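Enquirer: The structure is given below, and queries will be raised subsequently.
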Amino acid sequence: MLNFKKIGLMGLVTVFLLVSSFLVVYGAEKPIKLGFFAPITGPAAADGESCLQAAQLAIKLLNEGGGINGTQVELVYYDDAFSPPQAVIIAQKLTTKDGVVAVVSGSYSHTTRASAETYQNAKIPMISAYGVHPDITRTGDYIFRQSFVGAVQGRAAAEVATKLLGGKTISVIYVNNDFGNELSKSFIEYAEKKGVKILSVDSFSLGEKEFTPVLTKIKQENPDILFMVAYAGEGAQIILQADAIGLKCQKLGTEGVDSTMQFLKVAGKKADGLIITTNLNRDSERPEVQNFIKAFTAEYGYAPDMVGASVFDAFTVLGYVMKNYGTSPEEIKNGIYKVKNFPAVTGIIKGYNELGEVTKTVQVQKVVNGEFHYFSEITDLEIVAPPTL
Amino acid sequence: MLLQQIINGIVVGSVYSLTAMGATLVYSILRILDIANAGAYALGAYVGLFSYVATDNLLLSFLIGMIAMGIWGIFVQKFLYLPLLGKSPLISLITSIGLFIFLGDFIRLWAGPQIKDFPADLKLPFSGIKTENLTIMSVWILVLLTTAILLLTLWYLITKTKIGLAWRATAQDLEIAKAMGINVNVVVAFNFFLGYSFAAAAGIMIGIMYNFISPTMGDVPAYKMLAIIVLGGLGNPVGAVVAAMLIGLIETLVGGYIGFFLPRDSIAFIAVIIILLIKPQGLFVRKNI
């Protein structure tokens, strides 16, 4: 009995070895591996899923278009579970074991920031799709950012509040994490410089659902504008509860609520009139935007949001760079710095500065009839130019 | 404004009291901190939502959600907690945390990670009150009414019925109650049925109130109900209700008048620390301990 088992096992091993050596010798050319991580489980699982779907779509389209000069691309992805330690373990795995040539982070600031150093040390380029914390790109020359650093969007939102909406008094409410802190800080700084009076600043923790107490207080302050730095779940509650208690002032949001499923579906008609800063202009007539929206909706059955679009762009940029400048990590890194006026879904990428920060215009969208539509665009270089330090 | 904030606080407190009641009941009998109760809260909300979509009847969806979770509770105690009863309470605690994490991810795989919401045209049989300075939303009335009805039912069950008498005896001392001929297994099962159906009711109410149901909706209740249970004197149902109202009011008033200088959730724990410093046995002591 034991012998049979042994023989069987040996037979299996032999077959496995034969097959794998056959694959090595006769198999297709080895695919180029790209790494990816996102919070597919945990409190940001909805964003994680949207990002993963966008990543898979990008790779699929890349391969259908002939891959990288004939070589197919393979996506190696992991779930960081919204946890920085997990993101670091993934970074070690991607850089040492999986043999990826570049990585895209479809995750939030805290996880991306924690793992950035591992990529830098391994000299594997990493593009953060939508993390806003300035320290991410400060890690080193192999780390890039595909969306606005917090300060850019904060300034842009302040520009919208003061110039486009003419607000004189503003109340601020923000989510207490990297995203909320960075955006609200730069918003307040810039708005105060423009002579706006900030009436109150309140923070809340991720996952908060009860805003009536603080909104009741803000209602007493009677501001021209309520600026909220929130994600979709909390943002929808702020909109709904503000409506319930009759806080009627203009609401201004950020890319955090740029989500069809998470935000618009929950807030419904009550979100009409809300203005947000983001990087996705859904009304753009450029084919990149319309094709992406069409392909994503057809593939997954719902309209894409900005996190998905940002991830998609990060992969498109990698594809472009690999086709033109080579597929080694070093060539990819150098290639990204050479990107100029690249038409991406989230706007024309003017380029990446020495810090690895992207330069592109900030989109201002307004909710009309339960949908995001073009309201304005911030192009002023003084506002949208990312920091170099 | 003060009146408005007090009403806000009472509504928040009602929800807390229902949420914490399930775990309080479990603790009172088995002395187990039942984190998985917050899993029933999330799962119950989903069952309630899906039955509302299927039946278009709010009362029926409450009942389906509560009964389904009640039965789930009986399963949990029978196959999970009872076998661990003689062991260290830490083992049951870790088990319940494990079950809680499992439930969150089970829901995510089953229903998807996206936020789900109740249909916008949810019909309530009464309307809210809205004046310039005071708003009482119709869903708040629903929350207050449901909480009142459920808590009164619980009070009646515990104090006026035979099974309630058995429940009180078992809560005082499980071994002695068994020796006195009480069918402890039935009492424990009944206890879990109540505890889990209360969690489901709380989950469905939160889902309606915030129009927000997600796989991780149990995360905050999972630890906040801990504060309420401790404050309420570990397993005292009346104490839990008072503690929940108190925390609801403190959170609301601090948030409304001083501002969210800290995350709101931390306020509950600061309140617990202060009160425990003054009165280490909690606000309401169980007489038998």
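Counting starts with 1 at the first residue shown.
Cβ coordinates are placed from backbone N, Cα and C, and glycine is handled just like the others.
Straight out of TrEMBL:
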- B:7-29: transmembrane segment (TRANSMEM)
- B:35-55: transmembrane segment (TRANSMEM)
- B:62-84: transmembrane segment (TRANSMEM)
- B:90-111: transmembrane segment (TRANSMEM)
- B:132-158: transmembrane segment (TRANSMEM)
- B:193-213: transmembrane segment (TRANSMEM)
- B:225-250: transmembrane segment (TRANSMEM)
- B:256-278: transmembrane segment (TRANSMEM)
Enquirer: Taking the transmembrane segment (B:35-55) as reference, which of B:7-29, B:193-213, B:225-250 has the most Cβ pairs under 8 angstroms?
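Expert: Of the candidates B:7-29, B:193-213, B:225-250, B:193-213 scores highest.
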Enquirer: Sequence-remote contacts (6 or more beyond its ends) of the transmembrane segment (B:132-158), Cβ cut-off under 8 Å?
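Expert: Hits for the transmembrane segment (B:132-158): 1, 3-4, 7, 10-11, 14-15, 17-18, 21, 62, 124, 126, 164, 167-168, 194, 198, 201, 205, 208-209, 237, 241.
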Enquirer: Okay, the transmembrane segment (B:193-213) and the transmembrane segment (B:90-111): do they have at least three CB pairs under 8 Å, pairs separated by 6 or more?
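Expert: Between the transmembrane segment (B:193-213) and the transmembrane segment (B:90-111), which are separate recorded stretches, there is no contact, as judged by 3 or more close Cβ pairs.
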Enquirer: Test of understanding: applying the rule of at least three C-beta pairs under 8 Å (pairs 6 or more apart in sequence), is the transmembrane segment (B:7-29) touching the transmembrane segment (B:62-84)?
Expert: no
Enquirer: Please report, as numbers and ranges, the same-chain residues at least 6 past the borders of the transmembrane segment (B:193-213) whose CB is under 8 Å from any CB of it.
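Expert: For the transmembrane segment (B:193-213), the sequence-distant neighbours (Cβ-Cβ under 8 Å, at least 6 residues beyond its ends) are 11, 15, 18-19, 21-26, 34, 37-38, 40-49, 61-62, 65-74, 76, 115-118, 120, 122, 139-140, 142-143, 146-147, 150, 154, 157, 221.
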Enquirer: For the transmembrane segment (B:7-29), what are the same-chain contacts with Cβ under 8 Å, counting residues 6+ beyond its ends?
Expert: 35, 37-38, 40-41, 134, 136, 140, 143-144, 146-148, 150-151, 154, 167, 170-171, 174, 187-188, 191-192, 194-199, 201-202, 205-206, 209, 221, 224-226, 228-229, 232, 234-237, 240-241, 243-253, 256, 286
